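Step one of this worksheet: look at the structure below.
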Protein chains: 2
Amino acid sequence: MNPDISRERENASFNLEILTNILDGGAEKTRRRREIESLVISDPDFQHEDLNFLSRSERYDAAVRKSAQMILKLREYGISDPEEIYSYKSIAKGVYQEPFGVHYVMFIPTLNSQCTAEQRKKWIPLAESFHMLGTYAQTELGHGTHIRGLETTATYDPSTQEFVLNSPTISSIKWWPGGLGKTSNHAIVLAQLYTQGKCHGLHAFITPIRCMKTHMPLPGVVVGDIGPKFGFDEVDNGYLKLENVRIPRENMLMKYAKVEPDGTYVKPPSDKLTYGTMVFIRSMIVGESARALSKSCTIAIRYSAVRHQSELRPGEPEPQILDYQAQQYKLFPLVATAYAFHFVGQYMSKTYHRISGDINQGDFSELPELHALSAGLKAFTTWVANAGIEVCRMSCGGHGYSRCSSLPDIYVTFTPTCTYEGENTVMMLQTARYLVKSYKQARAGQQLTGIVSYLNEPQSRIQPHSVSSRPTVVNINDLASLVEAYKFRAAKLVEMAAKNLQAELQHSKSNEDAWNNNSIDLVRASDAHCHYVVVKLFAAKLSEIGDTAVHSVLSTLALLYALHGVALSSGDFLQAGLLTVPQLAQISQRLKGLLSELRPNAVALVDAFDYRDEMLNSTLGRYDGNVYEHMFEWAKRSPLNHTEVHESHHKYLKPLRSKL
Amino acid sequence: MNPDISRERENASFNLEILTNILDGGAEKTRRRREIESLVISDPDFQHEDLNFLSRSERYDAAVRKSAQMILKLREYGISDPEEIYSYKSIAKGVYQEPFGVHYVMFIPTLNSQCTAEQRKKWIPLAESFHMLGTYAQTELGHGTHIRGLETTATYDPSTQEFVLNSPTISSIKWWPGGLGKTSNHAIVLAQLYTQGKCHGLHAFITPIRCMKTHMPLPGVVVGDIGPKFGFDEVDNGYLKLENVRIPRENMLMKYAKVEPDGTYVKPPSDKLTYGTMVFIRSMIVGESARALSKSCTIAIRYSAVRHQSELRPGEPEPQILDYQAQQYKLFPLVATAYAFHFVGQYMSKTYHRISGDINQGDFSELPELHALSAGLKAFTTWVANAGIEVCRMSCGGHGYSRCSSLPDIYVTFTPTCTYEGENTVMMLQTARYLVKSYKQARAGQQLTGIVSYLNEPQSRIQPHSVSSRPTVVNINDLASLVEAYKFRAAKLVEMAAKNLQAELQHSKSNEDAWNNNSIDLVRASDAHCHYVVVKLFAAKLSEIGDTAVHSVLSTLALLYALHGVALSSGDFLQAGLLTVPQLAQISQRLKGLLSELRPNAVALVDAFDYRDEMLNSTLGRYDGNVYEHMFEWAKRSPLNHTEVHESHHKYLKPLRSKL
C-alpha cells in the first residue's frame with residue numbers, strides 16, 4: 001500500500017461503511033452487491049486480456065464470448081432479479097458493452113409488451129433460448145428522433161397475406177441499432193405501414209434477417225457493421241437495407257394495432273404504455289451519469305493523492321497534487337456532483353417504481369411530470385457528467401491520456417448518453433414545454449402539484465431588481481436558503497422564457513416559429529429547473545442521514561455543490577435579485593474554505609463509492625496507490641512490444657536511408 | 001451536389017475568396033498553399049486505407065511508411081521553407097500523427113541549438129540522413145513539468161571518460177516521448193548530472209538506444225511502447241529504462257555547460273534561448289486551436305445544412321437542422337471563436353518572429369510579455385477549442401459518434417494540447433504571475449508597456465458598484481465598447497486576485513502558500529486577461545479589412561463572439577459594474593438577432609476556411625453534401641464486414657444454444 005494513500009484514509013472523519021450503505025440503499029444491499037461482485041471477480045472464465053490491446057474484431061469476439069458466458073452463469077447462480085442481473089452484468093462488462101445489449105433491453109421487452117398472447121407464445125421462447133437473437137431497428141441513416149420522418153415501408157399484400165418490407169432510399173437504410181451488424185438474426189423493424197392504399201404510420205415488424213441455421217443474410221437483406229465509432233468497438237452497430245423482403249402477416253406486432261387478413265387496418269387504443277418504457281430508460285441514465293462520474297472521480301482523486309509534482313515551498317519535497325487549490329477546485333465540485341446525481345438517480349428510480357404501480361392501475365396522472373423530469377434530468381446530468389469525466393481525465397496530466405487510466409474508455413462509453421434515448425437539447429425543450437404549460441396554468445390560477453408547484457408562488461413573478469419584495473437575498477451559508485434561491489432563479493427563467501415566447505408570437509408566423517425563436521431561453525429555463533431539482537433532492541437526502549459524521553461531510557459537499565453552481569451562473573442570480581454583488585466575493589472565499597474542509601476526506605469520499613479495482617480497471621485509480629509499477633507492467637503487454645523490432649523498420653526505414 | 005448546400009452557397013453575401021485570402025495572409029499565400037495541397041492530394045503514393053479500419057500495429061506501419069515517403073517527396077519537390085514543409089506535412093498526415101514528429105520538432109532543433117560546432121558536425125548529418133532517428137526524453141513516469149524532480153542520473157566516470165546513465169527507480173523511467181518506443185535509435189536524455197561527487201542539475205545527453213545496424217535495443221536499455229492511448233494510435237510513445245548505460249563524454253550537449261575530461265563542471269552562461277523555443281511552440285498551438293475548431297465547425301455546419309430533422313411547422317417538410325435556433329446557438333459562436341483564434345494565431349506568429357529578431361540582437365525586453373501571453377493563450381484557446389470540438393461532434397447527432405465523421409479523431413488528436421507543452425492550469429498560473437507582478441508595478445507608479453498597460457489605467461482600480469465613476473456602462477452594440485468592457489473586467493479580476501493574495505499573506509506561512517490558496521482567483525484573472533486579448537485582436541483585425549461585405553460579416557461574427565462571452569460570464573461584468581441587469585435581457589435578444597443575421601452566411605463562413613475533402617476526411621463534412629451515400633460506402637469497408645458470418649458465431653453462439 002502506498003503510504004500517501006494510507007495516510008489519507010487514516011485522516012477520514014467518518015465511517016466509510018455507513019456512507020457506502022447510504023449509497024447502496026441499505027446495508028443488506030451493500031452485502032448482496034459485494035457478493036455478486038465477488039462471483040464475477042473470482043470467476044476464471046471472466047479473466048481476459050485488456051480489450052485495449054485487441055483489434056476490433058478480437059474485441060467483438062471477446063464480447064460475444066463474455067455475453068454467452070454471462071447467460072450461462074446467471075442461470076447457474078439462479079440470479080433472476082432484474083436489478084441483480086443488471087448489477088452482475090455491469091461488473092462482468094466493466095467499462096465495455098455487450099453486443100447482446102439491445103436483445104435484452106429492447107427486443108425482448110418489446111415482444112413482451114407489443115405481442116398478442118399468441119405471438120408471445122411463439123416468439124418469447126425462441127428469444128429466451130437465444131435461437132432468435134434480436135435487435136430494435138428504428139433509426140435510419142437520414143432519420144433520428146422524429147419518427148414520422150422514417151422512410152422504411154411495410155406494404156401489405158393480401159394475396160399472400162404478407163408484408164413487403166423495403167428501404168426505398170439510401171437515407172432509409174436502418175443505421176445504428178446495436179447488435180444488428182453481425183450478431184442478430186432478427187430485427188424488430190419500425191416501418192410505415194401501407195395497406196389498402198393508405199399509410200397508417202409507424203408500426204413494428206418482426207423481421208428475420210439471417211438464416212437461423214447458417215447465420216447468412218437472407219435474400220433481399222443487406223446487413224453489416226456500420227464501422228468504427230468513438231468507443232463501443234466491441235459492439236456491432238449495424239445497417240440494414242431491405243429489398244422486397246416478405247414476412248408473414250403474423251410478424252406485425254399486433255397487441256394494439258392490427259392488420260386483418262384482408263388488409264383492413266384496426267387502430268390502436270392508446271400508446272401511453274410505450275411512453276413508460278422511455279421514461280424508465282431515461283431515469284436509469286441519470287444513475288449512469290452518477291456512476292460514470294463517480295468512477296472518474298475515484299480515479300482522479302486517488303491518483304492526485306499519490307502523484308507528487310512541482311513545489312509549493314522551496315526546498316521541501318514535491319507535494320501531493322491534491323494539495324493544490326486549483327486541483328481541488330477541479331475535482332471536489334465533481335465529487336459533490338457525483339453524490340448529488342447518485343441521490344437524484346435513487347429518487348428517479350423510486351419515483352418511477354411508485355408511479356409504475358399507479359400506471360398499472362390505470363392512473364396516468366403523475367406520468368407527464370415524471371416524463372418531463374426524466375427528459376430534463378437525463379440531459380442535465382449527462383451533459384454535466386460528460387464534461388466532468390474529461391475534467392477528471394485532464395486533471396491526471398499526461399497519464400490521463402493513457403488507456404491504462406481507463407478514463408478515455410469511461411468517456412467514450414458514456415458520451416453517447418448525451419445523444420441516445422433522446423438528444424439532450426430535444427430533451428431540454430421537452431421539459432421546457434411542460435414548464436411553460438405549467439406556468440400558464442399557474443397564471444390562470446390553477447393550483448399545480450408536484451415539483452413545478454413553485455410556479456404558483458407569488459415570488460416567482462417578481463420583476464427584476466425588486467429585491468425588497470422578497471423576504472431576503474440568499475444566505476450563502478444556509479443550504480435551505482440556497483435551495484430557495486435556485487427555486488426562484490428557475491421560476492424567474494421560466495417566466496422570462498414564457499414572456500419572450502408570448503412577445504414573439506406577435507411577430508412570428510406561427511406558434512412553432514415563436515417556439516424555435518426562443519429555444520435558447522427555453523433550454524436555459526429547463527436547465528435552471530433541473531439544477532433546482534438536483535440541489536433540492538441533495539438537501540432532502542441530508543435529512544435522512546442519522547450518522548453525525550457522515551451528515552457533516554455530506555452537508556459540506558451539498559453546500560459546495562450549491563455554491564459552486566451559484567458562482568458559475570452568478571449572472572442569473574444577480575439578475576433575479578437573489579444575490580448582491582458583495583456576496584459574490586463572499587462566495588468565492590467560502591468556496592475556498594469548503595475545499596480545505598473537504599481535503600482530508602477527499603479519498604474517503606471516493607472510497608465510499610466502493611468500486612473494486614477490477615471494476616475501475618485503472619492503473620491510476622488503484623486502491624493501493626501503486627500506480628507506476630502497474631503502468632510499467634501494463635505497457636509491457638502492448639501489442640507493439642510483441643517484437644523488439646517492428647517490421648516497418650525493415651520495410652521503410654532501411655530503404656529510405658539507402659535512397660538519401 | 002446536394003441542392004440544400006448549393007442553395008446555401010448562393011445565398012452568401014460576400015466573396016469567399018477574399019475572406020480565404022485574409023485567413024491565409026494574402027492571395028499569393030492562398031495560391032501556394034493550394035499548390036502544395038494538390039501535390040499531396042493528387043499523389044497516388046499517399047492514397048491509403050482509412051486508418052480507422054486498421055489495427056494499431058498496421059496504423060503504426062502506415063504512419064512510418066508515410067513519414068518515409070514525405071521525406072523523399074519534399075526532397076523531390078525541393079520544398080525547404082519551414083512553413084511550407086509544415087503545410088505539406090499537415091495535409092499528408094491529415095488528422096493523424098507521424099512517429100518521426102519529435103525527430104523534427106525536438107531532436108534536430110536541440111542538436112542545432114545545444115551542440116558545440118564539433119558535435120554538430122558529427123551528429124547533424126547522421127540525423128538529417130535518418131541514420132540517427134531521435135527523440136527527446138524528458139518526462140518520466142513519476143515526473144512531468146517540474147524538471148527539478150526528474151530522477152534519471154548521468155554520473156561522470158573520469159577513468160573511462162564516460163557518463164553512466166541510470167533510471168534508479170520505477171518512477172524515473174522515461175515515459176511518453178513520441179517515437180521512443182519502436183522508431184528511434186537515439187534519444188536526447190535529460191538527466192541529473194553528477195560529477196566529482198556533486199549534482200549539477202539537468203543536462204542533455206545523446207544516448208544511443210538501439211543498434212544502428214540491427215535496430216535491436218542496446219545492452220542496459222529497456223525500451224518499448226507505452227501502450228494504447230486516447231488517440232495517437234499511429235505513434236509509438238515510449239518508455240526507456242537505463243541500466244548502467246555508458247556513453248562517451250562527448251555525448252553530453254556542451255554548447256553551454258561542459259564537463260571537462262577530468263570531471264570539472266563548467267557552468268552555462270544563460271538559458272534564455274531555450275525559453276524562446278517553448279514560447280514558439282505555445283504560440284503555434286494557438287494556431288492549432290483555430291485549425292481544429294475550424295475543421296470541426298466546417299463539418300458540423302455543412303452537415304447541419306443537409307440534415308433534415310423533425311418539423312417546425314406541422315405538415316411542412318422536415319427543416320434543415322441549421323434552421324433551429326438551438327443548433328445555431330451551439331455552432332455560430334464556435335465559428336466566431338474559430339475566426340477569433342485564427343487571427344490571434346496570426347498575431348502570435350507575427351509577434352514571435354518580430355521578437356525573435358530582437359532576441360537575436362540580444363534584446364530580450366519583450367520576451368517576458370510574450371512568454372506570459374503565449375502561456376495563457378495556449379491554455380485559453382486549447383480549453384475552448386477542446387470543448388468546442390465536442391459541441392460540434394454532438395451537434396451532429398448519432399453520426400457524430402461515427403469515425404467516418406472525423407470528429408472523434410479531431411478530438412483525440414487535439415485534446416493533448418491541453419496538457420503537453422505546459423499543462424493548462426500551470427500555464428494560466430504562469431500568466432497570472434506576470435499579471436500580478438505587472439499590477440504591483442502599476443500600483444508602484446511604473447508605466448507599463450504592451451498589452452498589460454491597461455493595468456495603469458485609473459478605471460482598473462475602481463470599487464465594485466461605482467458605476468458613476470466610469471464614463472458609461474457598456475454599449476452592447478458597439479464592439480469598441482465591448483473591448484473596453486473586457487479590459488475593465490480583466491483589470492478588475494487581476495486587482496481582486498492581487499488583493500486577495502495580499503490579504504492571504506497575512507494568514508499564510510509563506511508566499512507560496514498564499515499563492516496556492518488563491519489559485520482559483522489567479523486562474524480566473526488570467527482567463528479574463530486572455531479573453532480580453534482575443535476580443536481586442538479580433539476587433540483590431542477588422543480595421544485591416546477593406547472589402548465591405550467581408551468586413552460586414554466579420555463584424556457580425558466579432559460582435560457575436562464578444563456578446564456571447566459577456567452572456568456566459570455575465571456575473572463578472574455585473575460585478576464589475578460594467579453591465580446593468582436590464583442590459584442582460586437586451587444581450588439575450590441581440591444574440592438571437594445575430595444568429596439570424598449570420599444564418600445565410602453560415603456555410604460560406606466555413607467554406608472560407610478552405611479545407612479540401614481530403615483534409616477533412618469526413619463524410620459528414622463533404623463539400624458536395626452527399627453525406628449518406630458516402631457513409632454507406634464507408635461502412636461497407638468496415639473490417640467486421642470482411643466476412644458475412646463472424647467466427648464468434650460458430651465459437652460461442654452455437655454452443656450456447658446447445659447448452660440451454
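Placed from the backbone N, Cα and C atoms, the Cβ positions cover glycine too.
Please treat TrEMBL annotations as automatic predictions, because they have not gone through curation.
Range annotated as coiled coil by TrEMBL, chosen from A:211-238, A:435-462, A:491-518: A:491-518. When the Cα atoms are compared, A:Gly178 (FAD binding site) and A:Glu421 (active site, proton acceptor) turn out to be 13 Å apart. The two recorded residues, A:Glu421 (active site, proton acceptor) and A:Thr139 (FAD binding site), have Cα atoms 11 Å apart.
Those recorded positions from A:Thr139, A:Gly178, A:Glu421 lying by chain B, with Cβ under 8 Å from one of its Cβ atoms, are A:Thr139. Note on the coiled coil (A:491-518): mean pLDDT across this stretch is 93. Same-chain residues at least 6 positions away in sequence with a Cβ under 8 Å from that of A:Thr139 (FAD binding site) are, in sequence order, A:Lys174, A:Trp175, A:Trp176, A:Pro177.
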